[in-house]
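> Quick one: this structure, given as structure tokens, is what I'll be asking you about.
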Amino acid sequence: MKVTLPEFERAGVMVVGDVMLDRYWYGPTSRISPEAPVPVVKVNTIEERPGGAANVAMNIASLGANARLVGLTGIDDAARALSKSLADVNVKCDFVSVPTHPTITKLRVLSRNQQLIRLDFEEGFEGVDPQPMHERINQALSSIGALVLSDYAKGALASVQQMIQLARKAGVPVLIDPKGTDFERYRGATLLTPNLSEFEAVVGKCKTEEEIVERGMKLIADYELSALLVTRSEQGMSLLQPGKAPLHMPTQAQEVYDVTGAGDTVIGVLAATLAAGNSLEEACFFANAAAGVVVGKLGTSTVSPIELENAVRGRADTGFGVMTEEELKLAVAAARKRGEKVVMTNGVFDILHAGHVFYLANARKLGDRLIVAVNSDASTKRLKGDSRPVNPLEQRMIVLGALEAVDWVVSFEEDTPQRLIAGILPDLLVKGGDYKPEEIAGSKEVWANGGEVLVLNFEDGCSTTNIIKKIQQDKKG
């Protein structure tokens, strides 16, 4: 199944925060200065790129979404360079000019793909009247699908709590890339996106994934957040939401050259995807793929729709992820040549919960590769009734494909996956619940081929039906 990109062109996002100009001086170096033990760089190329909150807006615009940017600048060449660069990529700028301060500028000197030094030109904007920014936010709220607050602790978000309240009253989700350890400032936000270091600076060192989840859920409760996304570098990302199983997504980066601005890309793609009408789980899936692209570039960078589509398709192209039936058969054949044991299971997986995650993790431990076959929407409706599925097939497959335990995800249209299983013939067929092995669809075919069939227990107390009933009861209450 081909994963469809969000309709970014219908998404409107406002970014408010610390804007800055990133300057890059490039050149060769072949000698050490006689004045001090430092390399001499002969500068032959100079580049200027929007940074900080401006880079977030650039990332949103590069996807084809409508991006508006509000921030504080000086009245200087750097501000003019920022405005021109952003206008060239269709970012609508509405800066508040502060004549007493310079525009924040960061100068990096690079040679042979290595950053040698960074020079910062800045004065904090603390104490600047926030009212002009509040007015700009209020004027835009009726026409945007998400508000991003990009905090680099330079003073533009000194009144962040008022900004959150403005958006909440308008029903607009607020996404924040936090800075520092005072998360009380961000109380009531829809989503925070700290990296692991920022997260641990607040909750303490986490030795295990379980500790990340436990402390993250407490942080959500303490600060009345709707969700938390912890970006974990080479370990991917972890999405935490109240009442839902944690979603751990492995990194998609092939090579890492520069992590500059990667957090900007993540929150930019998250916001654009949500504003386009997609779910938070889908937004994290696309943001994770985009992060894998941008860290493979040098310097502050953005991701285009073509790059994002290629990254999303990348797992299937390399033999993993969401697949068609024919692609899966080729992937399984390649796995068998490598001597790998293939495990297969199936289900609706409508609202993914902890029971599903534990079950799939246990199934994966029984072999080297795990296939999850998913009922199509029509198949689910016939099986579960007209009110199901809650989540359409594409969303269900995307979420399953993001799980570390799952190697391949494929769909089937029939009431049972018997035909599909007969075509794949896994080494081990597993099913959760209280079935007898001979009752499981495809068991006869697997046995006839010399394979095994096994029934695994589900985690007690976890049920999609019960979750739906509770949601319905809460709505009535």
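A Cβ is built for glycine as well, from the same backbone N, Cα and C atoms used for every other residue.
Feature annotation from Swiss-Prot assigns active site to Asp264; the stated evidence is sequence analysis. Residues or ranges marked as ATP binding site by Swiss-Prot: Asn195, Leu196, Ser197, Glu198. The feature N6-acetyllysine is assigned by Swiss-Prot to Lys179. For 1-318, the entry in Swiss-Prot reads region 'Ribokinase'. What Swiss-Prot lists as region 'Cytidylyltransferase' is 344-477.
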> How would DSSP class Glu198 (ATP binding site) in three states?
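In three-state terms, Glu198 (ATP binding site) counts as helix.
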> Starting from the ATP site formed by Asn195, Leu196, Ser197, Glu198, give every other residue of that chain whose CB sits within 8 Å of the mean position of their CB atoms, in sequence order.
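Here the non-site neighbours turn out to be Pro194, Phe199, Glu200, Ala201, Val230, Thr231, Arg232.
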> Using CB atoms and a 10 A radius, I'd like the single residue among the recorded positions Glu198, Asp264 with the highest neighbour count.
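By the 10 Å Cβ neighbour count, Asp264 comes out on top.
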> Just going by other Cβ atoms within 10 Å, which of the binding-site residues Asn195, Ser197 has the emptiest spot?
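Sparsest of the binding-site residues Asn195, Ser197 by Cβ contacts within 10 Å: Ser197.
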> Please give me the CB contact count at 10 A for Leu196 (ATP binding site), counting all chains in the structure.
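I get 16 for this one.
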> How many other Cβ atoms are found within 10 Å of the Cβ atom of the residue listed as 'N6-acetyllysine', counting all protein chains shown?
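Result for the residue listed as 'N6-acetyllysine': 18 other Cβ atoms within 10 Å.
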> Whole-number answer please: how many Å between the C-alpha atoms of Ser197 (ATP binding site) and the residue listed as 'N6-acetyllysine'?
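Cα of Ser197 (ATP binding site) to Cα of the residue listed as 'N6-acetyllysine' measures 11 Å after rounding.
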> In the region 'Cytidylyltransferase' (344-477), how many residues does DSSP assign to helix, to strand and to coil?
58 helix, 26 strand, 50 coil
> Can you tell me the CA-to-CA distance separating Asn195 (ATP binding site) and the residue listed as 'N6-acetyllysine', as a whole number of Å?
10
